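According to TrEMBL:
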- B:Cys91, B:Cys96, B:Cys132, B:Cys136: [2Fe-2S] cluster binding site (BINDING)
Amino acid sequence: MATKILTEHINVPGIETFDVYRKQGGYTAVEKALKTMTPEEVVEEVKKSGVRGRGGAGFPMGMKWSFLAKPEGVPRYLVCNADESEPGTFKDHYLMKTIPHLLIEGMIISSYALGANKSFIYVRGELMYVIHILEKAIEEAKAKGFLGKNILGTGYDLELVVQPGGGAYICGEETALLESLEGKRGNPRNKPPFPAVKGLYQSPTVVNNVESIATTSWIVNHGGEAYAAIGIGRSTGTKLISASGHINKPGVYEIELGVPVEDFIYADEWCGGIRPGHKLKAVVAGGSSVPILPANLILNLANGEKRLMSYESLSDGGFQTGTMLGSGGFIVMDETTCIVRNTWNFARFYHHESCGQCSPCREGTGWMEKVLHRIEHGHGHRQDIDLLVDVAKKIEGNTICPLGDAAAWPVASAIRHFRDEFEWHITNPQEATQPGAVYRGEMALV
Amino acid sequence: MTTESNNTIQFTPDRLEKAKEIIARYPEGKQKSALLPLLHLLQEQEGWTSPEGMDYIAQMLDIQPIEVYEVATFYTMYHINPVGKHVIEYCRTGPCCLMGGEDVYAHLKQRLGIDAGQTTVDGRFTLKEVECLAACGMGPVFQIREKYYMNLTNERVDEIIDELSK
Amino acid sequence: MEDNKPQLFKVTVDGIEVEVEPGTTILQAARKIGPEVAPPAMCYYQPLKGSGGKCRACLVRVAAGSAKDPRPMPKLVASCITPVQDGMVVENTTSQQVIDARNGVVEFLLINHPLDCPVCDQAGECDLQNFAFDHGKATTRYEEDRRTFEKHDIGPYIQLHMTRCILCYRCVYTADQITNKRVHGVLGRGDAAEIGTYIEKAIDNDFSGNVIDVCPVGALTDKTYRFKNRVWFTKPVDAHRDCPTCSGKVTLWYRGEEVIRVTARKNEWNEVTEFICNTCRFDTKKTSDWVIEGPTKVSRSSVISANKYRADTIKPDFGKRLAAATYKPIDDKRDTSQLDIQQLPPERFAKLPSANEN
């Protein structure tokens, strides 16, 4: 039986309430951390655990914490990034609505470790009902003495504020999130300075994803080394994977990092295979921004070995033959999927979500969408494919924030692996624009 | 500073209470942080973020009205024009489309007789296309106010519209 | 006190070394060397706090991060906001990667630009025109519809021609930093973002006219000057007056004997040196109102520089010329007497590494 760190008790009836959560061993980590550990010791355990940021970037969380500047007399802030908006990703939504106290507990531990007395959970505004759930959980925790002044008599004060967003993917970028939290447009900031030095209200700030923060109670209870023993190599611990698309059992699964991709797709424990009568064509493994891979490359590395669900294995081969774990938004496509249409759809998403601050992203995302729209609707030219590759290249790496890269990668990778399909659309516009038409040329389906 | 007190919009007493509580959450002098929550509160009361309402919030937070307009027009959840009674926010992003989202959307548009951005003649429904709602495993999805409607089919859409048309 | 002087940092830009104070940005260090290595800046504006980083025109390659850590930076960086380190080596137009990226930025800025230079008052003193001239191509690959907006008068003096705007945010910073009440801002987002007041409002304060001077393109123009002339037919003269509101130091733009425009004075980077009030700018247009100081020093950025748009002045060529210079001096017989940019002092080239070394 695979280790469950976040979802072990998720099916217990009433787990959203304080009492049931407490009965399942909840908040013992807060007691342990606040009563028996110094903040530095908590940071040390998180470092030892090797847990990496679960929002997409995969940066070691303990290291991020250790960068936090600690000038005298200046407040420090912890901000939880619950602006989950990456297409294909819905794990934080699931976690917060079903077991809100896990996040609250993690927030208390993390805030204590960082020396923050006021911490924020920035939730995308669309999840207003989840905000109510979190606020209720906070009230309960406060009533039981786990939040507010002098928590458990330890002298530590913490106030948690749940902040709604207003509908903007870009606020998942940490500095855009901070701008938004300050009541401004979600324009990412120029870096440096980084949030660890000047973040919220120009004070040192750590921004962490929901899932990352939620791991801290297990780490405090069992120790960083125990966490690091789970998983594979530098991909320690477990990861929530949001599985969607043409599979038998879409949903959120907690896996030990290192599970073979093939098992994840076909085993009954997880996705349960491709829907009946269909074959696997492609997978976007880490949310819409990571490179799409055709069936053979998602299941196996270029050298034929099995690909695993881990940071290293998924990125094996670089962007030529690999992809990224990203936020764990696992989108599965069978042979009925038109890659051109899907790429246009994703390009439209990034066009819609660009903040418009820097020119390559503001103008480039719209341009790519328009060209893809044209190809998909039977008005493409031969040179359009190279044009798209070139535009994507001129956006990538040249923008203020990673949204530019996120917009460029899906387009570049779709052309890299499915160029035939784009060409077919251009050379056979009449056929390609029939309702439900999909390229059936030579490609490896599994 | 001259105060233009021609505001016709004010929060109801309970919402005013709520607004004060929200403003008090942030450190001294950082009350602008309350802008997004207050715009939600305004929209909840008025149905949309009207210019008068935004000016009212600007006054409440002691910021320039343009700072409110800039924010309200940046975020997609704020309706900067009047809308119908029920705003259907339909997810048009990839994972929902894989689950047949486009066909269901076509059905919904046909059923309502309107296109994206429009309101039915009776003022009951406004249709808005939105991007990913973070419910991809349960697609197709749309949202009305706080409620998520998931695993949509043509039949399910009909039921929901029937229910809301009563 | 002299002893406390901070250690200077040595920085190399396109093979030319310069010493600057810690905290200086790459762009400012490059400007200190001279216009031939200074990256273009469409959004950065030294007098405005917080400006920069947006247009990406000034991207450069950092070939060595510092003397301590000589690794190159993984991505191109915006030189206007990136501070230098001691021993940093920067490639401006000597890097093909930088030139490619800037070609991209020009192309992006132009896909939604109306290219109506023939009827635009800004033509001849337009940063975008200059940038496109240096880094753009004569053809476009864009065949979709361009984004357009209606023209708006914002107040009696200023016209907003949003279609030309490149969203540099300079006018927003200006209103924030030198006026007491900002009524315009950036509305909407992405490529639908626009400068506006949201509800029809006039920008009405003593310093509002400065948004015209800071605008890098023809999006904000002076209505009192509208279609009066082409800037290259006018003659700029420095003048001042006793003004109760501002410094009163301006540039008068003459057509014959008539003052047809008043602007703030600008430095060689096209940046306002002192902001001026609306009375000086819009309502004081008689020569007798002013004490004339003399002709304005013609700078690099002025259209009045002869040969401004000659093909051999295109900036990316600088890299090639630099390389050529290590073999023999360029035989340049042009009349460059009016230009301060073409006369590169020979010692600059003396410092260059030999082209053979690479």
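Placement of Cβ uses the backbone N, Cα and C atoms for every residue, glycine included.
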Quick one: give me the count of other CB atoms within 10 A of the CB of B:Cys136 ([2Fe-2S] cluster binding site).
32
Helix, strand or coil: which one is B:Cys91 ([2Fe-2S] cluster binding site) in, per DSSP?
strand
Students should find that the binding-site residues B:Cys91, B:Cys132, B:Cys136 with a Cβ under 8 Å from chain A are B:Cys132, B:Cys136
Can you tell me how many other Cβ atoms are located within 10 Å of the Cβ belonging to B:Cys91 ([2Fe-2S] cluster binding site)?
28
Sequence gap of 6 or more, C-beta under 8 Å: which same-chain residues meet both conditions with respect to B:Cys132 ([2Fe-2S] cluster binding site)?
B:Cys91, B:Thr93, B:Gly94, B:Pro95, B:Cys96
Provide the three-state secondary structure of B:Cys96 ([2Fe-2S] cluster binding site) computed with DSSP.
helix
If you run the three-state DSSP split on B:Cys132 ([2Fe-2S] cluster binding site), which class comes out?
coil
